[in-house]
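Features reported for this protein in TrEMBL:
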{"type": "TRANSMEM", "residues": "30-49", "note": "transmembrane segment"}
{"type": "DOMAIN", "residues": "31-442", "note": "domain 'Ammonium transporter AmtB-like'"}
{"type": "TRANSMEM", "residues": "61-85", "note": "transmembrane segment"}
{"type": "TRANSMEM", "residues": "111-130", "note": "transmembrane segment"}
{"type": "TRANSMEM", "residues": "137-158", "note": "transmembrane segment"}
{"type": "TRANSMEM", "residues": "178-199", "note": "transmembrane segment"}
{"type": "TRANSMEM", "residues": "262-284", "note": "transmembrane segment"}
{"type": "TRANSMEM", "residues": "296-313", "note": "transmembrane segment"}
{"type": "TRANSMEM", "residues": "319-338", "note": "transmembrane segment"}
{"type": "TRANSMEM", "residues": "350-371", "note": "transmembrane segment"}
{"type": "TRANSMEM", "residues": "391-412", "note": "transmembrane segment"}
Amino acid sequence: KHNDIMSLFRFNVTSTQSDWVNMYTTLAETIALCPIVVILLSGVGFAMVQSGASRVENAAFPFINNLLTMALSSMSVWSVGYAIAMSEGSSVIGFGQWFSHEFETQFSSHWLVQICICTTTAHIVTAGGLERCPLHVYCMLVPAISGFGCSLAIRWVWNSDGWNQLYCPFGGVAYRDYGGSGVIHVVGGASALVLTYVIGPRYSRIRRRDAGILYTDLAGHSIPLEMLGWYLTFICLLCCNCMRVTVTCISCQTIAQVISRAVINSLIASATTALFIVIITHIITTLVGRHKFHYLPSRVLANGAICGLAAVAAGCNVYAHWAAFVVGVTSSFGYLFWSELLHLLNVDDPVGAIAVHFGGGLWGVVCVQIFAEGSGLLFADSSSQAGLALLWNVLTALLLAVGSGILTILVLQAPRILHTIPLAYRQELQGLDQLSLKQHAYPDGSKDTPFKTEVIEDSECFVNVTSGSPQSPTMSVTSPTSFALFKSPNRSKLPGNIDLFAPFHSVSATDVRSLLRSPGVKSLPSFCRSPGYLDRRVWFYSDQTLVQNQVAPGSPVIDYPQDGDPYRINFCVQLDRVHGNRCTVDDVMAFQSEAPCFLVIVS
């Protein structure tokens, strides 16, 4: 086999020692290309995650957005990013090799590594503006983060000529971050946090009421798509943990052992975080109730795995296996802490990117100076020196976060001045697919624009409304169970024989039938936001002005004549089948198996 390797690289028996070193270095660089190629697929994973977590009117936008993110990041690194990070210059910023001028080909692997790092960081940022950040804002923010923010962070902490490596104030102890907990996850998470705060929460997610803040869990339109995206993102970030380890040990004879150790530690930490988060959330949910602890089980499991990768990345190649386990356990509590903190601060983090990347990354740069074998706080001979190293790591990570946040604020000033962010209420209801792409992810053959109707009460149901025919040919009896609100209305507006009780109490079937046939009932033809469900009916009882204030702008309010709607009559017929002339919410839900409708009485 030795002769085969020699012939493959055109070497002969008289080749010198340096020739063999160069050959194996080239071979190692070739192997390093494998994780780099996989990392470039992270854009697909992030797009699938964001699309699955979005409602149907925003399902296509993340794919276009993340594709543009990859393109803009590549152009930014080629034009200015690599020059800032790796070229000759001061300890703060590089000054040469703009647009790859006088670029030396032997550094091509470093150029590819920076492309992957900057692109991954930019993908993290895009998750913060899910469903409410227009495309032109991303086109401004992504080049700034990948071409300047992330590249500057690489210059400061990973370049041997950077100020962090040259001028460490604490006894020459430099910042330690092997896999990018700070450079990738903290920088990207901080930018996502600022973006989320500036554009504000989604209108249907967090609203102020007289009694306090009302939170609504907005489930995405496709859990399988979201979970498949999380799995692909997990694989890409796993390769990202090994990528820089490969480059920094490019001529090391033990490169296989280094990579294997990084992968094993990453898997241990991510698995531990995912399992512990699921267990903890299940216990807390059982104790305090689902409505007080807002976590979707599937998303918690996926976020836990990614959070573990973000936390272990800083020291994935220097941890013992038990240390990776401890990092995973502690990361689970960190994720829950950041999630609950963002919830209390009314920050709308749609897919948990801030808690996962910013929270996990910050904890990662702390853990590497505690658990690193030989030099960590638990192993060092001089605890004072190790303590200073820990302090320097934390201060550097906070500096990276502040710098990324300030850069994001500066970029977002122009859209704010031009009033293009935050989106108007009508624009958000319309959806980014129609607003930016002029098409829908799941076209139904209709040119009508879907809107989301919002019944503003403590218990709510959200549907989409079109101006199509009230008797849609796609009418189906399929309807989700989160349907109906029996509310206590203003009795002066009801017929005299109507007597409704507190929400979700029983009501007379005869009274409901009379109410449905009364002139004050307005009908809205509608369809659910999920493509898995087809058309269904919503009937509002109220006066004209109040109904218009409760529904989305542009939604039609149709006043049918008495007995003019066959589906309304069908509903009344179903009510007649109730024994004892009483109707409960369970009865109404049972009716939906035969009559595709539900009732909303608005006070």
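The backbone N, Cα and C atoms fix where each Cβ goes, glycine too.
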> With pairs 6 or more apart in sequence, are the transmembrane segment (350-371) and the transmembrane segment (61-85) linked by at least 3 Cβ pairs under 8 Å?
Replying inline: no
> Between the stretches 111-130, 178-199, 262-284, 296-313, 319-338, which one has more Cβ pairs under 8 Å with the transmembrane segment (391-412) than any other?
Replying inline: 178-199
>> Give the nonlocal contacts of the transmembrane segment (319-338) in its own chain as ranges (CB under 8 Å, at least six residues past its ends).
In response: 261, 264-266, 268-273, 276-277, 280-281, 303-304, 307-308, 310-312, 352, 354-356, 358-360, 362-364, 367, 371-373
> Which residues of the same chain, at least 6 past either end of the transmembrane segment (61-85), have a Cβ under 8 Å from a Cβ in it?
Replying inline: 40, 43-44, 46-51, 54, 93-100, 103, 111, 114-115, 118-119, 122-123, 126, 130, 135, 138-139, 142-143, 146-148, 150-152, 154-155, 158-159, 431-433, 436-437
